[in-house]
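First, the structure itself, so that you have it in front of you.
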């Protein structure tokens, strides 16, 4: 029965391979000529193997494999295997482990497809297990030749042997650890194995022995300090010394010597260094030197020299990352195979081994990236791998082409391969390619520094081969490359009179002062090439400037605005530099003869600039950030908050900002608090004039036959209004109603101010038609029809339309057009303007100014003009609306004229330019251009939840993020926290993730600069434990400036400038009781 089952499985596998070979052209699946139909699978291979081949993804020639269970660990097996049916010799394979999962994937020579998969959990074993289906968790994997060692979560170490035909066998199981095994490593051969566990011990196993007990147990302390990683060092300078390094949860790096005589147990390391303030999670030893790289939860990567002759206790290099580092690894191969275009080198390895190898690291907290650094430029990642899912583990992969490949496994149970040498891979970014050569930043004192650095100016040390000579032909070629058609530059550079003035080299101890520079010729921008071509030797040129280094590997920095640099040492030799290179330095034979090879350090040009900008006043910024309201207190409205912010801005002299806040307050009151719907203005339709009723036109014409036709027809409403306001009780009552309406609603004041400012330009012959939408929709149908009929009756086809206002005072003011027309008799028809009745109008054509309420021409004009009954009915209706408080504010003819061109032919609705949303958007745009971060942030905090369509979430986060950074830089931490507290819920959640994280405080000794951990006295029980002393140098850290006693716990600092501090009680006695104003340390610092 078993034979028939195995025969059926074999036939199924043959059939599946035939399908994949004939139906698929994908390079990741086996082809028909690679696996024959008669190929067979081992019985240890999974029954689900054939179904998993379909999940292989080879987009962009990337190897990908999906696992059906959760995977945690990853390693590479480098041994020769012969898979049945495949003619090639497979050398590099993938080993993946996880929860009840352990599989060996055989990869092709090109590492672009998976040939076969072997389930190692079904391997033959010499150990008889009563629970074959027991759940295991493979936490770590280590390989050596044909041996695979796995560390399980239950503290068991399992050893697998792989035969050349792909068969696997369990050869050993060792269980002496009490907790999870975190790290494994072989010692020079497959017979000795190291295991580091969470129980704080490192055990050495002899795999040739039949005993299941460890040969040696190593422990860092008497108490258990969990071991995160351990590794054997093959670079020991002492013969036969077995050196092992380990990192612990305490952040310590320990060095052990396994040549012990203490009976196989070591309880203290040979050396110990505290490199991290939190748990150290990973380590990896350099492939060539006694250097180790460690990564920890403190977001730091430390490169430390653990050699015998070194005595320093601090890392040799530090890399600050953007997340907690869970794994860090040196690259397998050097960078000698990289292209010359990327590093501006001719495939020559750097002599410093630190720069030959890259460093890759992955992060905690579900970060989907892997960052690659190089110590040649450690502050900027060299490459970043972006994955769709969080990265679980990774390794540098060995391959036949010695290319830089990284294998990864993600939390989505997917194995992927990334080739860092392929430029077309979209998931691998190169941040250095996107950086600008010039950058600028501000400091705490409102000064800024500009940095100018070429892209490939690595911070490299000297080359061992010295400085190479350059022939005359190379100089000619370089001149042609850098100059091209610049004959003007070439001609001026070859004359002594036009040579540039020598400038001293920029150093970090001096401040660059552009005002003291000489006027020099600024050539056209070329690729940072020197322009000196003087071939004459001049002793005064180089000797006049002290400390001049003529052989700088980078051209001197000029003091003009051009980025082209000029070499001031042209009297010694002539050179033109191509784009800056880290591997070549051009010099003359004379210079090489007189100067030996020296260090080639290419620092960036840092230019500190101090400009007294009035807007950067410290007092103004502090007052505005502290007193401006960013939220609405209880009992206040938005209008009150805007007015208070306006007063704060006015108190520091920011008058424009103050006026903007007041304008926003008026617009808020008009739109949100007045309760009046906004007026809607529609474009005038000329054909509506021809459709007016004939009886309305005849009535209006007969009522005004005693005056000139044009004057009377255009101003008969104003004449009637003047009669009513001068002699009737109705006019007096309308004045009272108008004043009540104006006191109730302030929105009309804004319109009147606009009309007053533009009254002299409000006369126009353009026709307009008004359609007013009333606020109350429950009016009777009869009143509505009467109003519409009277509106149409007020328009004449042969004259300009009449601007009818709901304010009696405005109608009285518009009579000014009638007076002028009656006096001049030939003036053109006009449109009424809202002008206060107490004003005196002066016309440029009249002989003297005339009062609007003057009795002389007004009464005679009114006595000859009476409005028609339809007009009286319309006016009564409008005055009734005024008394009820439901009238609309009038709109001047100037506003309509300005908006006339903004309407389309369909008559779309227009929006007021002084609306709140429009004013807010314009104010924010202007403040953004001016760099007013306080106004932008304050407005975003106040109005983001009110008008989210005006202030986007991206803008709000950007403004508030910059504002918080500036506040923290200026040490205004209370204001920064207040900004976060006043933000809306969605914004506050994102800001807290960025700016409210836990602080990591590191204390260093002020004498020996060692990290204060004081582990020697921590468990001794002698005295009070703390960080006010140092175990390394046995010196006190801080003493009270008043009583000269140690400051244990809380200490008060006198001032940030002097730095003296002391006990709270001592300083209270000195300053408050004794009423002293100077620092008790004698530095002369005044606190008041």
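Glycine is no exception: its Cβ is also placed from the backbone N, Cα and C atoms.
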Would you mind telling me which of 709-751, 881-923, 924-966 Swiss-Prot tags as region 'Disordered'?
709-751
How about long-range neighbours of the repeat 'WD 8' (631-671): same chain, 6 or more residues beyond its ends, C-beta under 8 Å?
619-620, 623-624, 678, 746-747, 750, 914-916, 919-920, 923, 932, 935, 938, 941-942, 946, 982
Quick check on the repeat 'WD 8' (631-671): DSSP residue counts for helix, strand, coil, in that order please.
31 helix, 0 strand, 10 coil
DSSP helix, strand and coil counts for the repeat 'WD 2' (176-215)?
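For that range the per-state counts are 0 helix, 18 strand, 22 coil.
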